[in-house]
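Data first, discussion second: the structure below is written as structure tokens.
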């Protein structure tokens, strides 16, 4: 039942990029995605694929089929907009949105691998938020190779992740060093992976039950935490604001644990939650392009801002990105899903039925 959470996080990213450019909306959401991925990738490696050679290959094939076709479609959409509207206009809209100039640019944009300590510093990016997918891909490989195969490995991984964060504070590094590098993404991925094993511990579940926390409470807390620290970013700026950044990881971890144990954010059927969740990835891929097209068509210029006309563009963009997402789901995701399901069915560990939510 992670669909509603994933799409909520995607919409928070859209709001950050196209309307309210205050960092908690974006940074909290991206780390939420990382944490969810850490949990889900560890889950499917253990329960669907296994750590054999064929299992790892099947895992890799399924990840590639899940991520790349939809991404390539969105990248082609960006290229068409750049050519149609004009490179100079589009560049003023987003400084990463321009056509590749070299073989390296083409390879980076085709592979979603932006090779830099700060992947979000690499330009051009035809799908601007794809830098975070570089981080995702790195940890998909690490999880596939077995970094989260045993709890003791995750403990070491967590310790190293925390050590990195502490090191950045000791070196007085800015927040971007705790957010953008692959090393920064390690902490939420490790926490998410640990949740797979914690969800199997009866004592942990008893503590959770006694706490009386429920998924709906934690979901509200997640949103409230983001709202609070977004406001404080304006009213009381300072380093202490990063407290909210790490509170977000803790709240998100509790929420994912709650959902893993069968609780629900809202009283909706699992099938409906899945449909909602199907929008998360295409919304993430398409929102910049949708905002570009909408602002240019409505006002003759490409922009995103917190203003009356910015709000009109934002609301219209939500409708357009919903249509683009539906097209992506029906033209790309659903046809490919049949192949992905066959791959999973052929390679899941013997004697284990495939969880319905992952079929």
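The backbone N, Cα and C atoms fix where each Cβ goes, glycine too.
Please treat TrEMBL annotations as automatic predictions, because they have not gone through curation.
Per-residue pLDDT, averaged over the domain 'Acyltransferase 3' (4-324), rounds to 97. The domain 'Acyltransferase 3' annotation in TrEMBL covers 4-324.
What TrEMBL records for 7-25 (among others) is transmembrane segment.
For 31-50 (among others), the entry in TrEMBL reads transmembrane segment.
Beyond its flanks by at least six residues, the transmembrane segment (71-93) meets 99, 109-110, 112, 126-127, 130, 133, 282, 285-286, 288-289, 292-293, 295-296, 301-304, 324, 328, 331-332 of its own chain at Cβ-Cβ distances under 8 Å. Feature annotation from TrEMBL assigns transmembrane segment to 71-93 (among others).
Counting only same-chain residues 6+ beyond the ends of the transmembrane segment (126-147), those with a CB under 8 A from a CB of the stretch are 13, 17, 30, 33-34, 37-38, 41-42, 45, 51, 56, 59-60, 63, 67, 71, 74-75, 78-79, 94, 96-97, 99-100, 109, 112-114, 119-120, 153-154, 157, 180, 182, 185-186, 189, 193, 284-285, 288. The annotation transmembrane segment is assigned in TrEMBL to 126-147 (among others).
As annotated by TrEMBL, transmembrane segment applies to 154-173 (among others). Distant neighbours of the transmembrane segment (154-173): 147-148, 183-184, 186-187, 190-191, 193-194, 197; these residues of the same chain sit at least 6 beyond its ends, with a Cβ under 8 Å from one of its Cβ atoms.
Residues or ranges marked as transmembrane segment in TrEMBL: 179-198 (among others). Here the transmembrane segment (179-198) has long-range neighbours at 27, 30-32, 34-43, 46, 117-121, 131-132, 134-136, 138-139, 142-143, 147-148, 151, 154, 157-158, 160-162, 164-165, 168, 204, 249, 252-253, 256-257, 260, meaning same-chain residues at least 6 beyond its ends whose C-beta is under 8 angstroms from one of its own.
Annotation comment: TrEMBL describes 218-237 (among others) as transmembrane segment.
Annotation source TrEMBL lists transmembrane segment at 243-260 (among others).
When Cβ-Cβ distances below 8 Å are used as the criterion, the transmembrane segment (281-299) is approached by residues 7, 10-11, 13-14, 17-18, 67, 70-71, 74, 77-78, 81, 85, 89-90, 93-94, 97, 127-130, 309, 312-314, 316-317, 320-322, 324-325, 328-329, 333 of the same chain, each at least six residues removed from its ends. If you look up TrEMBL, you'll see 281-299 (among others) marked as transmembrane segment.
Proximity of distant same-chain residues to the transmembrane segment (311-332), defined by a Cβ-Cβ separation under 8 Å and at least 6 residues beyond the stretch ends, is recorded for 11, 14-15, 18-19, 69-70, 73-74, 77, 278-279, 282-283, 285-287, 289-291, 293-295, 298-299, 303-304. Per TrEMBL, the feature transmembrane segment maps to 311-332 (among others).
Tertiary proximity for the transmembrane segment (31-50) is limited to same-chain residues at least six positions away from its ends with a CB under 8 Å from its CB atoms, namely 2, 5-6, 9, 56, 58-59, 132, 135-136, 139-140, 143-144, 148-149, 179, 185, 188-196, 222, 245, 248-249, 252-253, 256, 260, 344, 347-349, 352, 354-355, 358.
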